[in-house]
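**Student:** Got a structure here, written out as structure tokens. Questions coming.
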Amino acid sequence: MRKRGERSGEESGRRRTEREYEINREKKGTAGRVIRNIFLSLLILVLLVAAGVYIYGMLYFKDHFFLHTMINGFDASQLTVEEVEEKVADRIADYRLEIGERGGNTETITAEQINYHYVSKGEVQAFLNSQKLYRWPLYMKEQISYTFDSSTQYDEEGLRQAVDGLNCLDESQVTKPADAYIDFLEGKYQVVPEVEGNLLKKDMVYGVIQEAVDFANVKVSLEEKDCYETPVKRQNDETMARTVEKLNTCISTDLTYLFGEHSEKVDAERVRGWLSYDDSGNVELDKDAIRAFVAEMAEKYDTADKPRTFRTHGGEEVTVSGGSYGWLMDQDATYDYLIDAIWAGNTGDTYAEFAQTAVSWSNSDLGDSYVEIDLDSQHVWLYIDGQEVVSTDCVSGLASDPSRKTPEGTYTLYYKESPSVLKGENNEYETKVTYWMPFNGGIGLHDANWRSSFGGSIYQTNGSHGCVNLPPSAAKEIYERVYDGIPIICYY
């Protein structure tokens, strides 16, 4: 059992402990309230500051662009409308249009030359007004980009003067374009390339440059804009290619017309003189000139119906006229062949076309086998292959009677007949012969067995009706050796 004093002490201690607890609890409560108050005060302060900053930002960005704002490629962050427009104006004041020209040349028109300047139409202000001010904090890191076509003005007359002053329009520095054309160079026809030149279409140049300035382009190519005058015909023109091919085929002609030991050339040089062509690709030959050339050859080499110089058995030169023997060119056929040969570009040796031919071009067209009749000396020789095989006297037509006199000239043997009956024109005589060899109408060589002598001057008083009378043995020998077409030359 406790004592009273002990109980009082215990109660007193308990009460003291409770009071201390209450005091401590009150102290803790007071400290918490202080902390809360401080926190709330700080929070309010922060909110007030944030609100102030936010409000300040709204007020600031009402006249300034947000951070990270790009306008027409430059940084407009925190700039005013006036500052942005000043930058735009400065950029425009630096405007230069580079004009690309043919040949790699360039020229420049500057803003200063044409009074090119910026004119505000409120675009920048419109961009500023479009900013959502209440969201300005969200754009602290986000980039905004605006683009607009800057409104500009320039002096059109100044632009025209600047264009007129370009070197590319200076007539002293201009080369006009030239068409490709056909020419004969280095032995053949060729297409000479066109000359592009650098002549500009002035009105088009002005329009192209004005358009470039209107759109603020910094470069323009006059070549790409087709401002240059151009050749009409170019080297790759198909018509000219075909024309050149035809022309070169024609001048590839290389013909040699053979006339015995003589010749005439039809080569590129001669053919060129006969050629003509037009822009449509038509190639023509000068037909009149070609006919004239053929006629010249005929005049030079035709021997029919022309006097000929002949070296006689005795070695003398005589001129023999008359007779139809000799070369006679068929000019139409020769012309036709030559035209076709030129179109085809033929080459090599060739011959003219003849309406009548001789046996040779040598020995006055007589060759090595012929009959020679000397009417003055009344003698006949037969040559075969250059060898004299028969030599005999004869009697020709009565010299005192022009209708019976044997005419001189060069002929060919028509045919030979054995036997034959000779009749006068009006049947005034009829004579049988064994060997008949006509060469000039009704005149021919034949045997005359009724004569006992030949040669001398018999023909002057007792000549034939025009034929050449021969001793039968000589007539036989000649008959056996001659052939149709062998030349026969008679001369006095």
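Note that Cβ sites are derived from N, Cα and C of the backbone, with glycine treated the same way.
Below are the features listed in TrEMBL for this protein:
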type	residues	note
ACT_SITE	H446	active site, proton donor/acceptor
ACT_SITE	C467	active site, nucleophile
DOMAIN	369-491	domain 'L,D-TPase catalytic'
REGION	1-21	region 'Disordered'
TRANSMEM	38-61	transmembrane segment
**Student:** Within 10 Å of the Cβ of H446 (active site, proton donor/acceptor), how many other Cβ atoms can you find? Include all protein chains, please.
**Tutor:** 26
**Student:** Going by DSSP, is H446 (active site, proton donor/acceptor) sitting in a helix, a strand, or coil?
**Tutor:** strand
**Student:** Restricting attention to the domain 'L,D-TPase catalytic' (369-491), give the mean pLDDT.
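**Tutor:** Value for the domain 'L,D-TPase catalytic' (369-491), mean pLDDT as a whole number: 97.
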**Student:** Please list, for the domain 'L,D-TPase catalytic' (369-491), how many residues fall into helix, strand and coil according to DSSP.
**Tutor:** 15 helix, 52 strand, 56 coil
**Student:** Once near-sequence residues are set aside, which residues in the chain of the residue listed as 'active site, nucleophile', 6 or more away, have Cβ atoms under 8 Å from its Cβ?
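**Tutor:** Result: S396, G397, T406, L422, G442, I443, G444, L445, H446.
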